[in-house]
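Visitor: As listed in TrEMBL for this protein:
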type: SIGNAL; residues: 1-20; note: signal peptide
type: DOMAIN; residues: 24-60; note: domain 'EGF-like'
type: DOMAIN; residues: 61-99; note: domain 'EGF-like'
type: DOMAIN; residues: 166-203; note: domain 'EGF-like'
type: DOMAIN; residues: 204-233; note: domain 'EGF-like'
type: DOMAIN; residues: 234-266; note: domain 'EGF-like'
type: DOMAIN; residues: 267-302; note: domain 'EGF-like'
type: DOMAIN; residues: 303-337; note: domain 'EGF-like'
type: DOMAIN; residues: 338-378; note: domain 'EGF-like'
type: DOMAIN; residues: 480-516; note: domain 'EGF-like'
type: DOMAIN; residues: 548-581; note: domain 'EGF-like'
type: DOMAIN; residues: 655-688; note: domain 'EGF-like'
Amino acid sequence: MKYIVLLIALLWAFVGRSQGTTESCRAMGLYFCTECENTDLQCHLCTSGYTLKSDKTGCLKCTDTNCIQCSINTADTTKTDCEVCAAGYYLKDADKTCVSCGITNCNTCHMGNDSVVVCDQCDSSYYKVSDSECAACDTSCLNCTSTSCLACKSSTYVISGADSKKCAACPGNCKTCITGDSTTITKCTTCNDGYYVSNDACAACPGDQCKTCPDGTCNACLDNFYLDGSSCSACSYQCLKCSDGTTCDTCVTRYTTKGTEDKSCDECPTNCNICTPEQAAVGKCTTCMTGYALDSVTSKCVACSAVTDCESCTVSSGTVTCTACKTDFKKDDNKCYKCPDNCPLANCVHNETAVDSFKTYCETCNIGYTTNNNLQCVSCDGCDYCSWNDTRQTTQCQCSNPDTNPDTTTGTYQFRGTCDTDVYVCKEGYYYVELDDTKFVPSCKGCIVGCSHCNTTSECFECKATDYATKPKTDGTCYKCSSGSSNCLTCSSNDGTTFTCNSCKSGYFTKDAGCSACPANCDTCSDATSCTTCKASAVKGADGKCYACPASCTTCTVDTDGVTSCTTCVDGYEVNNGACEACPANCLDCEYVDGALICSDDKCATGYQKLASDKLCHACPNNCAACTESTSTPDLLVCGTCQSQFTLNEYACGACPAKCAKCSAKGANIVCDTCDDGYYMDSDKVCQSTATFGTECLDASDKPPSCSLCQEGVGAELVSDKCYVNCYTCGSLTNNVPTSTIAQCNAQGNEYPDKAPCEYGCYIAIKYDNNEMILASRGCVVNATCLSDGVEQCTDTGPSQNCFKCCDSGELCNGNYWNPSCASASHVIGIITMSVTILAAYVIN
């Protein structure tokens with residue numbers, strides 16, 4: 001025990017003070033502690049709903065579950081006094097407990113002098129009607145009082161006059177606005193880019209490419225254009241910012257100016273994002289694209305994927321050094337290895353010298369998991385902490401500190417196995433047994449359906465608070481609230497025999513221990529005749545009834561006769577005489593201007609643009625994703641952005657070349673920038689198949705034409721700039737037997753080297769000396785004989801019994817490892833099958 005304490009102390013000295021997480025504190029046995037100190041091993045701050053114990057050795061849960069801040073009771077240090085209650089509750093001074101406000105949507109309240117609860121503040125988007133009622137603001141309003149809206153959503157304003165409780169949208173292209181001199185007029189104060197304030201509204205700047213024009217005269221242009229007098233003209237090819245039509249100041253990504261004299265843009269080398277003119281001339285780079293790194297010697301971009309599953313890397317003289325692997329992969333010796341599931345990356349370890357099943361393993365798994373004898377993470381069953389029982393080959397539940405013996409005689413929920421105050425071995429819905437009758441280890445067994453706390457699988461003493469009555473039925477089972485009334489959410493019972501519904505689903509109220517329907521269109525009510533709140537898209541009338549808004553309405557009003565009128569509509573509709581009228585075709589939002597329903601600016605669907613002449617949305621040119629109307633030619637739509645695998649070429653979209661993922665226009669020609677997967681770009685900017693270098697080639701280069709990356713594993717090797725398939729496709733040990741997609745070999749092998757039979761197919765040959773692996777090899781054989789000295793060789797070289805060959809004649813086999821000829825083939829073979837215990841001992845040693 002003293003060594004464990006010393007180990008914990010040393011670990012804590014290294015970690016230091018832990019803040020903002022409970023994990024490090026929990027490792028010290030300080031549960032629900034968010035800040036603790038390594039010098040005294042004491043807790044200094046507890047999470048919400050807990051308070052520090054008197055001796056600071058941990059946190060004590062607030063006695064009241066609705067309390068968020070409490071203190072130790074001076075008379076009984078095992079209990080607490082609440083100081084601050086959760087939203088919707090008030091503090092009862094007499095016994096320092098929290099009591100529900102009992103007022104829907106009330107955030108804070110107090111007990112009034114006449115013993116009636118008074119609501120002090122309503123929830124956000126609600127306002128106080130009286131001391132006992134909160135009502136919802138209009139859906140367009142963020143914050144309000146009973147008479148007016150105080151804050152509106154973005155690009156909306158508070159309506160003046162009779163409708164001051166609501167917000168209305170600012171006019172088209174208006175960023176901010178205020179109510180004008182009339183309740184029907186608004187004044188724009190600022191406009192979106194491309195517009196300026198004119199006569200309290202937003203007017204379009206001259207030209208399609210003007211960004212700002214404070215007085216109607218353009219003073220700044222969009223990217224790719226420059227200010228030419230008071231209008232905008234296009235920069236040269238691939239230029240982002242320029243001062244005139246020939247002088248480019250900044251080129252777009254992957255391009256650079258050609259030099260001090262020539263200010264046009266030239267393309268950077270392949271996979272390069274940023275380069276200088278000098279670098280572009282010699283194929284060098286400054287900053288590479290994502291997934292590539294700059295070779296510190298050659299200044300060229302090299303793919304990080306040269307190291308499989310590598311995300312970022314450094315390169316020197318063509319040698320790729322991985323700096324970070326993909327998510328859930330561990331970097332070791334410049335390789336990326338997949339960590340076991342449910343293993344934190346920091347606890348993932350790779351050991352290349354170990355046998356296959358132990359090469360990548362976990363030291364400590366996530367909570368709820370533990371390592372098995374293969375050091376992989378397996379789930380604990382019903383508990384957060386467990387260990388692996390090697391004898392029983394299963395997990396056994398325990399406290400987080402294995403030296404703490406679970407106590408089933410004390411604690412509020414003692415049958416879950418008490419580890420510390422309010423800390424248990426088993427999760428809710430399970431109970432602890434010292435010896436499971438099937439697993440024969442300490443375990444957590446599941447309670448019956450709906451039970452949160454029990455002492456056997458058939459005896460429940462507290463049911464789940466959600467969907468069930470917490471008090472079990474007299475037969476020990478749990479009563480599901482919806483079984484008595486399908487619309488009941490929560491219920492209770494005093495005697496385990498009679499059950500009463502406490503709350504119902506939306507649109508229902510409690511009645512006669514069950515649920516009854518509210519009036520039509522009512523969301524909450526107290527009885528079948530009076531409604532408290534209406535459903536969405538319904539409005540409450542003066543008679544207290546809820547009236548449904550017309551079709552496509554989001555909000556509406558109702559008159560004394562019960563007739564409803566729309567005030568706001570769903571997207572794609574606009575209010576017209578109290579109803580919602582559909583916007584013109586391909587329009588997402590519209591408005592009435594001079595009695596006509598037109599599409600609002602910038603509100604056409606993707607691939608459409610509004611024309612000034614008819615205010616309707618028209619389709620952009622073919623293969624165009626976004627377009628604008630020409631300033632020089634009315635009713636002509638000019639493309640600005642093309643669809644995928646197309647590029648803009650003089651305002652039209654041209655298709656990328658075959659097998660090209662991304663391309664760009666260069667003068668009148670369209671050239672490829674990036675090829676599809678499985679293709680590489682040659683010196684003529686044409687995408688060629690990597691299969692030229694073998695079907696296993698993943699990436700290639702044109703300088704010189706050769707494969708640069710083969711598939712991982714024994715299935716392919718890079719030899720003379722080409723990928724070759726290995727003859728064998730051997731797998732790893734499965735149930736102590738080597739497996740292959742070709743055949744299973746040595747299926748009847750045993751522990752003795754002179755008794756392991758050899759059959760047609762592939763094998764893994766391993767020789768051991770004093771339980772230490774000293775040699776391993778792989779190969780393909782037919783009718784080989786295992787000799788007593790552990791040497792395997794072919795016995796027949798005839799045509800019908802020649803060694804197995806899976807490569808075509810004349811091709812390399814297995815790279816340059818061995819020649820598949822029986823006349824010269826001999827391989828060392830030893831024990832094929834080894835027990836799991838011996839393999840584990842080898843890894844540990």
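Placed from the backbone N, Cα and C atoms, the Cβ positions cover glycine too.
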Visitor: By a Cβ-Cβ criterion of under 8 Å, what residues six or more beyond either terminus of the domain 'EGF-like' (480-516) are in contact with it?
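Guide: Contacts with the domain 'EGF-like' (480-516): 450, 465-474, 522-528, 535.
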Visitor: So which residues does the domain 'EGF-like' (166-203) touch in its own chain, when a touch means Cβ under 8 Å and the partner is 6 or more beyond its ends?
Guide: 138, 140-141, 149, 152-153, 155-160, 210-216, 555, 567, 591, 600-602
Visitor: Same chain, outside the domain 'EGF-like' (548-581) by at least 6, Cβ under 8 Å from its Cβ: which residues?
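Guide: For the domain 'EGF-like' (548-581), the list is 138-140, 166, 520-521, 537-542, 587-592, 597.
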Visitor: Looking only at the domain 'EGF-like' (303-337), what are its DSSP counts of helix, strand and coil residues?
Guide: 3 helix, 22 strand, 10 coil
Visitor: Limited to the domain 'EGF-like' (303-337), I'd like the whole-number average of pLDDT.
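Guide: A mean pLDDT of 89 is what the predicted model shows over the domain 'EGF-like' (303-337).
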